[in-house]
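Student: Can you keep this structure in mind? I'll have questions shortly.
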Amino acid sequence: MYGALRKALFLVPPERIHGLVFAGLRAATTPVPLRRSLSRRLAPHDPVLASTVFGVRFPGPLGLAAGFDKDGLGVHTWGALGFGYAELGTVTAQAQPGNPPPRMFRLPADRALLNRMGFNNHGSAALALQLARSSSDVPIGVNIGKTKVTEPQDAPADYAESARLLGSLAAYLVVNVSSPNTPGLRDLQSVESLRPILSAVLAETSTPVLVKIAPDLADTDIDDIADLAVELGLAGIVATNTTISRDGLKTPGAADLGAGGISGPPVARRALEVLRRLYARVGDKLVLISVGGIETSDDAWERITAGASLLQGYTGFVYGGGLWARSINDGVAARLRENGFGTLAEAVGSAAR
């Protein structure tokens, strides 16, 4: 049924329909009786799916990835739709408009999206106010990025300001140095640049801190970031962000859409490779959150057994619809029982053991 609805929705420009659908989801989950009704049907209630990760209790492993709810307007929404948590942002220390539109595109033959949003958001102070007056029945993480006008040498202070404002209001923080849509941002993934940023954020908050990395990094750079994360005592790594690669795309005209990061199935293979490499490198020293191209419960199960304690999706939600998260949760719960696991944690990394 959603397939027919999706065809109609896809007749509207991507950013516009995103706003309309998001507004509709918020409206549908604002009345408490409606939200409770949806939660009974869609939320992960099976205890086998629950886990405690970096001291936070997650009712299910699948979260909403950063980028969908940049300013925390739907904090009350995501648990009722089946997500075990949500990651807000990316938010920057200063409010900024992002890149000029059009800046979001569909690649339907690839079931993918291309975006060059450029961290459009209302700023960390505004998100802090929003979180202070909001409530959620699932953990809420916050993804923080660098303000575009901030010079690279001032990046540590910029990230630290967001951490200061948001740390106490979030279940965890993610330092985003991997978006391809802010000039020079990915250069901050070098250990020399990343160390002072992470150190500055850690100095501002006792909330668990993770770093989000790009799929386009060389393997040696992934190893270096993993080692740095362990050294500094980070809670974990989010792998991966969108890719700038255009290899293997099937959608006609995709090459003409211009700059931006691609999410969905085109990044899945590399996201899994990075996850496996990270797990082999750090084992249980860090929590690994896998994101990128997860569409089915089989995909989710593969990531969990490869070492992911938590998962995230955005593009899969766009193409899969409102029942997507529940289908992932139901499939993972079935696989846990089929394979004799009593808890989700027992399955994490089991394919590598």
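Just so you know, glycine gets a Cβ as well, placed from its N, Cα and C.
Pulled from Swiss-Prot, these are the listed features:
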BINDING   A66, G67, F68, D69, K70, T90, N143, N176, K212, T240, G264, G293, Y314, T315  FMN binding site
BINDING   K70, N115, R116, M117, G118, F119, N176, N181, N241, T242  substrate binding site
ACT_SITE  S179  active site, nucleophile
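Describe each of these features in terms of where it is and what it packs against.
Tutor: Classification of K212 (FMN binding site) by DSSP places it within a strand.
The Cβ of N176 (substrate binding site) lies under 8 Å from the Cβ of A66, G89, T90, N143, I144, G145, L185, K212, N241, each of which sits 6+ residues away along the same chain.
All protein chains shown were included, and the count of other CB atoms within 10 Å of the CB of S179 (active site, nucleophile) stands at 25. In the three-state DSSP scheme, S179 (active site, nucleophile) is classed as coil.
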Student: Express in Å, rounded to the nearest integer, the largest CA to CA distance found among the substrate-binding residues K70, N115, R116, M117, G118, F119, N176, N181, N241, T242 named in the record.
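Tutor: The substrate-binding residues span at most 16 Å between Cα atoms.
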Student: Under 8 Å Cβ-Cβ from K70 (FMN binding site), six or more apart in the same chain: what's there?
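Tutor: Within the chain, K70 (FMN binding site) has Cβ neighbours under 8 Å at L88, G89, T90, V91, N120, N121, H122.
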Student: Measure from the CA atom of R116 (substrate binding site) to the CA atom of G264 (FMN binding site) and give the result in Å, rounded to a whole number.
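Tutor: Just about 15 Å between their Cα atoms.
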Student: Can you give me the Cα-Cα distance between S179 (active site, nucleophile) and R116 (substrate binding site) in Å, rounded to a whole number?
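Tutor: Cα to Cα, S179 (active site, nucleophile) and R116 (substrate binding site) are separated by 9 Å.
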